[in-house]
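For reference, the structure is listed below as structure tokens.
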Amino acid sequence: MSSGRRSRQASSSSRINDDQITELISKLRQSIPEIRQNRRSNTVSASKVLQETCNYIRNLNKEADDLSDRLSQLLETIDPNSPQAAVIRSLINE
């Protein structure tokens, strides 16, 4: 079997069908608070669901960065050998 044929078969077997896309969009609708809270969430377009998902992920990343910064600042104010410092270091490194 040629490598071109093998790669085409691999890509076609990994393709996602319309039903799977619909199911994934539905799961995203249920997972994103801004959409889930909308009474007409089933009428929100797939592109809007994807946009809101990206926004939600960006916001989560920003919140995680902000929390990490706050923990780092807190760590600077306490005894580095204390049990609290060990807990904060473990949270920052996760």
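Cβ atoms here come from the backbone N, Cα and C positions, even for glycine.
Beyond the ends of the coiled coil (50-77), by six or more residues, the same chain brings 25, 28, 31-35, 44, 85, 88-89, 91-92 to within a C-beta distance below 8 angstroms of the stretch. The coiled coil annotation in TrEMBL covers 50-77.
Residues or ranges marked as domain 'BHLH' in TrEMBL: 5-60.
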(request) Using DSSP, tally how many residues of the domain 'BHLH' (5-60) sit in helix, strand and coil. (result) 45 helix, 0 strand, 11 coil
(request) Would you mind giving the whole-number mean pLDDT across the domain 'BHLH' (5-60)? (result) 85
